[in-house]
Amino acid sequence: MFYLVIDILGTIAFAISGVLVALDKKLDPFGVFIVAFVTAVGGGTLRDLLLGNTPVTWLLQPIYLYTILITVVLAIIFRKQLKYLRTSLFMFDTIGIGLYTLAGVEKGLDANLIPVMCVVIGTITACFGGVIRDILCNEIPVIFRKEVYATACIIGAASYFLLLKLPIKPTYIQVICILVVITVRLLAVKFKIALPTIYHSVAIDETKE
Amino acid sequence: MFYLVIDILGTIAFAISGVLVALDKKLDPFGVFIVAFVTAVGGGTLRDLLLGNTPVTWLLQPIYLYTILITVVLAIIFRKQLKYLRTSLFMFDTIGIGLYTLAGVEKGLDANLIPVMCVVIGTITACFGGVIRDILCNEIPVIFRKEVYATACIIGAASYFLLLKLPIKPTYIQVICILVVITVRLLAVKFKIALPTIYHSVAIDETKE
Amino acid sequence: MFYLVIDILGTIAFAISGVLVALDKKLDPFGVFIVAFVTAVGGGTLRDLLLGNTPVTWLLQPIYLYTILITVVLAIIFRKQLKYLRTSLFMFDTIGIGLYTLAGVEKGLDANLIPVMCVVIGTITACFGGVIRDILCNEIPVIFRKEVYATACIIGAASYFLLLKLPIKPTYIQVICILVVITVRLLAVKFKIALPTIYHSVAIDETKE
């Protein structure tokens, strides 16, 4: 129950972030819905496809579809008020990537992947909804440019496997994993930490045949 | 046999729509073929992947590959004449989305999905070839902006499940489903109905942290 | 062992080509890594998904992840020197597509596909990493515009099936298939052969309803 509530809150936050990007691109309501849907379920869908868990999760659990549908309708109606919810949305989103990371890690374990691949799957689950959103909206994915988003997921997922070696209850490990993701992201945003862009002197047309 | 003919006509129409977009982007013949191929089979491929029906359909039924290959060669040769075929192409395309919607709905039923997810799968089958075409050509997908394309598919697929509750023969239900998709699209184009773009006052950079 | 060495060299070359495109787009180190990773494993991943070989190969064989990680770190550190390695990189890349084509053809045979579909799968394996790289970087895929890349793969894969009809040892057929891909590409680059762009007089907005 606790999980479901957080999961739905994460889905709502991701869907809203999709609505905001889609509105900015002047899409019609159907386009807004698709972008919101893909943002919310895209990472989990890619995870399920890579692992071979089909039919993918959201086809079997209609609550995601309904949640996103209601979220999109409300977000469109109250689009002017959304800007006053910046902090709440950011917190939902941050909690969301924490939970999505954990969910991905555990799906990876279910598929008998080695720890490093579980970390990869956890990060994909949390981050690739946003990547697909940006591709659909014809943007270079934002997480490739200025977010520590993925770094937070990687550190959180790695902490899961470090903790597994200690005598700690599974439930505590899960909670700590989520909290690490959240903490890293909050600290990064607070102190404006971002990975630097790499200066490059290699023009692409010089190095290609 | 009847189905196969319509299915091939739909494939041809979708492939030609891919050729037209690809030519507009000045792609080479290989690029034109890939874009045409993806437009024609992309929706069905995404459906098969999401459901876990692998190898995907077109790998097992080479008629789609050959049909698209011949279509692309002819469409390139007769590209100047294509503009005189506007109405025919539009009709093929419209019949095509009707049939693709039905095919998707029935694949969803085969996978024991609930009706609402069958509607989703039917719409994906009919619409996502065009979405992938536009992504490959570096455009925001056209159906997110000004088509009632998807709406026609959703209404047609939904009518399938409404009719299932009535004492009607399955074959009639299938035909009606296709006709509903076609009718909605024809009416929408005739009366220039499109979903409105949503006015938004929320600048994206204001609402993101 | 021989295969593994060539496969790793191909992975390195593809990863470097991803790094170069990503640096050109001023991505952060995480973005550079993702683009390099997708370039190197994207074609094989799409192949595995279409065939239903899941979990996909790179999730089960961590050597690809580690190879790409080390390659990206070194490529970023020595980015200024990369331009002196143009010829070596081009050779790795060309050997890489030869091997990837062969690997795809044989995976297609394992899945009992007919020869023409094995050719398609081989070409997808070799070419679609670059396609996904370009989509992530918001470019129209370069192979759609000016490379004979795909043509070399198609000819090499087709030669595999022609040779199967002759009394030749399987190992020789494999080697010849790879050599055909390499030779076609080298000749095409040497003589600046590329598929021509098709002149088109059909404006897209004229032909769409």
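Cβ atoms are placed via backbone N, Cα and C, with glycine included.
Those TrEMBL annotations? Automatic predictions, nothing curated.
Quick look at what TrEMBL annotates:
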type	residues	note
DOMAIN	A:5-79	domain 'Glycine transporter'
DOMAIN	A:91-163	domain 'Glycine transporter'
TRANSMEM	A:6-23	transmembrane segment
TRANSMEM	A:30-46	transmembrane segment
TRANSMEM	A:58-77	transmembrane segment
TRANSMEM	A:84-102	transmembrane segment
TRANSMEM	A:114-136	transmembrane segment
TRANSMEM	A:148-166	transmembrane segment
TRANSMEM	A:172-189	transmembrane segment
Sequence-distant contacts of the transmembrane segment (A:114-136), meaning Cβ under 8 Å and at least 6 residues beyond its ends, amount to 14, 17-18, 21, 34-35, 38-44, 46-47, 50-51, 96-98, 100-105, 107-108, 142-144, 149-150, 153-154, 156-158, 160-161, 181
Are there residues at least 6 beyond the ends of the transmembrane segment (A:172-189) whose Cβ is under 8 Å from a Cβ of it, and what are they?
90, 94-95, 97-99, 101-102, 105, 126, 148-149, 151-153, 155-157, 159-160, 163-164
Residues from the same chain, set at least six apart from the ends of the transmembrane segment (A:148-166), whose C-beta lies under 8 A from its own
97-98, 101-102, 104-105, 115, 118-119, 122-123, 126-127, 130, 172-174, 176-178, 180-182, 184-185, 188-189, 193-195
Over the domain 'Glycine transporter' (A:91-163), what is the model's average pLDDT?
87
Helix, strand, coil residue numbers for the domain 'Glycine transporter' (A:5-79) per DSSP?
62 helix, 0 strand, 13 coil
